[in-house]
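Engineer: Input: one structure, supplied below.
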Amino acid sequence: MNPYILTILLFAMGLGTTITFASSHWLLAWMGLEINTLAILPLMCQSHHPRAVEATIKYFLTQATAAAMLLFASITNAWITGQWNLEFMSYSLPTTLVTVALALKIGLAPLHAWMPEVLQGLDLTTGLILSTWQKLAPFCLLLQINPSNTSLLLILGLASTLVGGWGGLNQNQLRKILAYSSIAHLGWMILVLQFFPSLTLLTLLMYFVMTFSLFITFKVNNSTTINSLSMSWSKAPIISSMVPFILLSLGGLPPLSGFMPKWLILQELTKQSLAPLATLAALSALLSLYFYLRISYAMTLTMSPNILSNALPWRLPSNQHTLPLAITTSLTICLLPLTPAIITLLTL
Amino acid sequence: MMYMMYFLLFGLVLGLAAVASNPSPYFAALGLVVVAGIGCGVLIWHGGSFLSLILFLIYLGGMLVVFAYSAALAAEPYPEGWGSWPVLGLMLGYLLGVVSVGTLFSSSMYDESWMVCDEFGEFYFVRGDMEGVATLYSSGGFMLAMGVWVLLVTLFVVLELTRGMSRGTLRAV
């Protein structure tokens, strides 16, 4: 893509998130979300082949629907209460509508159906931007509204963790697996939103770090299916040896950093006398763990039958920028001891 | 006089259901014309004459005309309208949905009305719409610049999405 256009689009994406972050008026928040949606559309159909355009159209339609719902909710709120402030939504209809609209925006179950299909049609870098950056603005809004109904967020969260786990089980396309992983993690974030919002932020940022490393790993190996990962050990052995840790961190196993958000969320849910919910959520993490393990099995833990010469390719210096991968992989593996510091830093 | 508003809003909901239920862009755009016209009527009723004028001129006369021309270029020989049963079924379904949600949300049919004929709160339009536009150009200068920049970005986005006339993907499908 023309570098000037690319610059303008990336700037517009930054602008949109910044506007939503800085807004206390619903119209301005909506405007930021719309700018974000608009600016990512050409990035999504960059390759101009029909699958990418299909993904772009699906993304546009769902995000436009969500933005329209957001607008209806804020206008209803203005009609009832006479003001447009984000934090002062006190009636249940607008608040519920806003929550559902934002759930559609980020892809929580049961409004998740667009996510695997959209991610499947994109290349890995754009998929990464979609999974990480585009979640920031809706979460900023979710963190600021007063939830109307305790059970709505809990149902959205639990359904997302379960759907994210079960949906990813039968996939061998990596981008769909990443989509379902995203849905599951978003479920965990929403579960604790009304009790301890700092944990939502912590889970969001930890998820960003972990999924960044996974996306970039797949990009470096240029693989989009599990089968193509099976020969990556010979081309990039160090990355292949680190991938099980990244995947187990995403699955939430101690002593890796992915355990941090799950641990704290389970603790908070138990403190709120929601122990059965916490148990269900922890069990649903097992489902996700299965497909993370499957990827690491295919990539690192087994060697597929192959002729000897394929195991010894020339390992030429790569032109890919792997420094971000190195940084995020280290953070994905080693951040657990810093839990108290991170909680203190992220206290809202 | 409330009956006038009843008819206007009734036509608005009908037009919206027509937009949503028609798969062909011609009839959907026709529904949009009806909706925009009635919306202008409702706006004028509340005193927002400037906004109504802008809606008619720019929305109907500018954007919808361009849309109609573009839709005509992608011509369909046999557009499906309300004559075919699936479309009519969808239309009736939408109307049923609106009526049922309306009865769900109305407390009674007698002492409460869906129509507001009073001006109230912030929605008193007599000077609101013109003052609003003027404020955008004076103290809202930063947001004006933001709006202008976003419009320019939208232009680039549309150009990028429709790049490559017959080689591009929007023609390939």
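The first residue you see is number 1, and the count goes up from there.
Cβ coordinates are placed from backbone N, Cα and C, and glycine is handled just like the others.
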Engineer: Checking feature assignment: transmembrane segment per TrEMBL, candidates A:128-148, A:233-253, A:296-316. Which range matches?
Structural biologist: A:233-253
Engineer: When TrEMBL marks a stretch as transmembrane segment, which of A:92-115, A:188-211 is it?
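Structural biologist: So the range that TrEMBL calls transmembrane segment is A:92-115.
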Engineer: Can you tell me which parts of the same chain pack against the transmembrane segment (A:151-170), counting only residues 6+ beyond its ends and a CB-CB cutoff under 8 A?
Structural biologist: 96, 99-100, 103, 108-110, 112, 116, 176-177, 180-194, 274, 277, 280-281, 284-288, 290-291
Engineer: May I ask for the residues of the chain that lie six or more residues beyond the transmembrane segment (A:57-80) and have a Cβ under 8 Å from a Cβ within it?
Structural biologist: 26-27, 29-30, 33-34, 37, 40-41, 44, 89, 91, 93-95, 97-98, 100-102, 104-105, 114, 117-118, 121, 130
Engineer: Check the domain 'NADH dehydrogenase subunit 2 C-terminal' (A:289-343) for me and report the mean pLDDT.
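Structural biologist: Looking only at the domain 'NADH dehydrogenase subunit 2 C-terminal' (A:289-343), pLDDT averages out to 91.
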